[in-house]
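Novice: So Swiss-Prot has the following annotated:
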type     : residues    : note
DISULFID : Cys3-Cys24  : disulfide bond
DISULFID : Cys9-Cys29  : disulfide bond
DISULFID : Cys13-Cys31 : disulfide bond
DISULFID : Cys19-Cys34 : disulfide bond
SITE     : Tyr21       : site 'Important for activity'
SITE     : Lys23       : site 'Critical for activity (is inserted in the pore, pointing downward)'
SITE     : Met25       : site 'Important for activity'
SITE     : Asn26       : site 'Important for activity'
SITE     : Arg33       : site 'Important for activity'
MOD_RES  : Cys34       : cysteine amide
Amino acid sequence: ASCRTPKDCADPCRKETGCPYGKCMNRKCKCNRC
C-alpha cells in the first residue's frame with residue numbers, strides 16, 4: 001500500500017497482519033507484526 005504518513009498504513013496493515021501499525025518507508029507501508 002502506498003502512504004505518506006504512518007496513519008495511511010493502519011487499514012492496509014490491519015488487513016495484512018491483523019495489526020493496525022506500520023511505518024511508511026519510501027512511500028510504501030511496512031507493517032509491524034503484533
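Numbering starts at 1 and runs along the chain as it is shown here.
Even glycines carry a Cβ here, placed using N, Cα and C.
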Novice: Whole-number Å only: compute the distance from the Cα of Cys34 (disulfide bond) to the Cα of Lys23 (site 'Critical for activity (is inserted in the pore, pointing downward)').
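Specialist: Taking the Cα atoms only, Cys34 (disulfide bond) lies 14 Å from Lys23 (site 'Critical for activity (is inserted in the pore, pointing downward)').
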Novice: What is the one among the disulfide-bonded residues Cys3, Cys24 whose Cβ has the most other Cβ atoms less than or equal to 10 Å away?
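Specialist: Checking each of Cys3, Cys24, the winner is Cys3.
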Novice: For Lys23 (site 'Critical for activity (is inserted in the pore, pointing downward)'), find which of the recorded positions Cys3, Cys29, Arg33 come within 10 Å, Cα to Cα.
Specialist: Cys3, Cys29
Novice: Look at the recorded positions Cys13, Cys19, Asn26, Cys29 and tell me which residue has the greatest number of other C-beta atoms within 10 angstroms of its C-beta.
Specialist: Cys13
Novice: State the Cα to Cα distance, in Å, between Cys19 (disulfide bond) and Asn26 (site 'Important for activity'), rounded to an integer.
Specialist: 20
Novice: With DSSP assignments reduced to helix, strand and coil, which class does Tyr21 (site 'Important for activity') get?
Specialist: coil
Novice: Determine, to the nearest whole angstrom, how far the Cα atom of Asn26 (site 'Important for activity') is from the Cα atom of Cys3 (disulfide bond).
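Specialist: Cα-Cα distance, Asn26 (site 'Important for activity') to Cys3 (disulfide bond): 9 Å.
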Novice: Write down the Cα-Cα distance for Tyr21 (site 'Important for activity') and Arg33 (site 'Important for activity'), rounded and given in Å.
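Specialist: So the Cα of Tyr21 (site 'Important for activity') lies 8 Å away from that of Arg33 (site 'Important for activity').
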Novice: Ten-angstrom check, please: count other Cβ atoms within 10 Å of the Cβ of Tyr21 (site 'Important for activity'), all chains counted.
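Specialist: Result for Tyr21 (site 'Important for activity'): 14 neighbouring Cβ atoms inside 10 Å.
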